[in-house]
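Notes follow once the structure below has been shown.
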Amino acid sequence: MEKLKKCILEEGRALSETVLKVDSFLNHQVDPDLMYEMGTYFKKYFEKHGITKIFTIESSGIAPAVMTAMQMNLPMVTLKKQTSKILTGDVYQTTVHSFTKGSDYELTLSKKYITEEDNILVIDDFLANGEAALGAVRLVEGAGAKVAGIGIIIEKSFQPGRKMLDEKGYDVYSLARINKLGKDLIEFVK
Ligand code: G4P
């Protein structure tokens with residue numbers, strides 16, 4: 001997506017060889033027009049996949065996911081990050097480890113918002129190690145539903161997530177793919 005790549009080059013900053021800061025349009029301040037356009041791309045790519053619901057992971061996935069859901073006329077569900085297990089039995093939970101943050105959380109979905117007939121599109125802001133996406137996949141498949149695909153805003157292709165999800169057979173579509181980060185360097189996959 002050319003407009004996204006332009007924003008990344010103009011406003012993004014590589015904090016290290018692994019972390020890209022994009023607070024001005026995605027992670028802190030949000031650019032609604034850009035989010036809407038992301039929705040048009042996800043709709044175009046996934047509209048023939050028979051999707052029934054869009055799932056995202058709180059919090060930065062919510063804006064692009066809701067814009068996509070609006071354009072595809074589908075419900076959107078936010079998977080919550082709880083700090084501890086909920087033992088009431090009315091939720092699905094799975095533990096996700098974040099390598100970037102060095103901590104674990106319980107990704108949580110109410111049983112009310114998924115059925116075995118669902119075919120889910122998972123949307124998230126960053127794909128790094130793929131742990132969050134894989135956690136979402138475990139919740140969906142654990143509920144007996146299907147994963148139709150995974151839509152990512154910014155994929156760091158030099159980290160293991162993309163390859164791992166490809167090898168597991170998931171249909172991953174990323175709007176920007178970064179090949180390399182470094183001091184004054186943001187390089188996209190050609
Ligand atoms: P993974 O799911 O692919 O394994 O990634 P990881 O756990 O390592 O990422 C943890 C958090 O850090 C996620 O945000 C993810 O979006 C974010 N993240 C990973 N790499 C980058 C990066 O290069 N730049 C930025 N800005 N964020 C990155 P989160 O905890 O879910 O936060 P949020 O959605 O509430 O913003």
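Note: Cβ is positioned from N, Cα and C throughout, glycine not excepted.
TrEMBL: automatically predicted annotations, no manual curation.
The feature xanthine binding site is assigned by TrEMBL to Leu20, Asn27, Lys156. Neighbour count (other Cβ atoms within 10 Å of the Cβ, all protein chains): 20 for Leu20 (xanthine binding site).
TrEMBL lists Ala128, Asn129, Gly130, Glu131, Ala132 with the feature 5-phospho-alpha-D-ribose 1-diphosphate binding site. Sequence-distant neighbours of Asn129 (5-phospho-alpha-D-ribose 1-diphosphate binding site) (same chain, 6+ apart, CB under 8 A from its CB) are Phe99, Thr100, Gln159, Pro160, Gly161, Met164. In the three-state DSSP classification, Asn129 (5-phospho-alpha-D-ribose 1-diphosphate binding site) falls within coil.
Mean model confidence of the domain 'Phosphoribosyltransferase' (41-159) amounts to 97 (pLDDT, 0 to 100 scale). As annotated by TrEMBL, domain 'Phosphoribosyltransferase' applies to 41-159.
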Summed over the domain 'Phosphoribosyltransferase' (41-159), the DSSP helix, strand and coil counts are 32 helix, 48 strand, 39 coil
Give the sequence-ordered set of same-chain residues, not counting Ala128, Asn129, Gly130, Glu131, Ala132, with Cβ within 8 Å of the centre of the Cβ atoms defining the 5-phospho-alpha-D-ribose 1-diphosphate site. Ser98, Phe99, Thr100, Leu127, Ala133, Leu134, Gln159, Pro160, Gly161
Quick note, Asn27 (xanthine binding site) and Ala128 (5-phospho-alpha-D-ribose 1-diphosphate binding site): C-alpha atoms separated, nearest Å, by 15
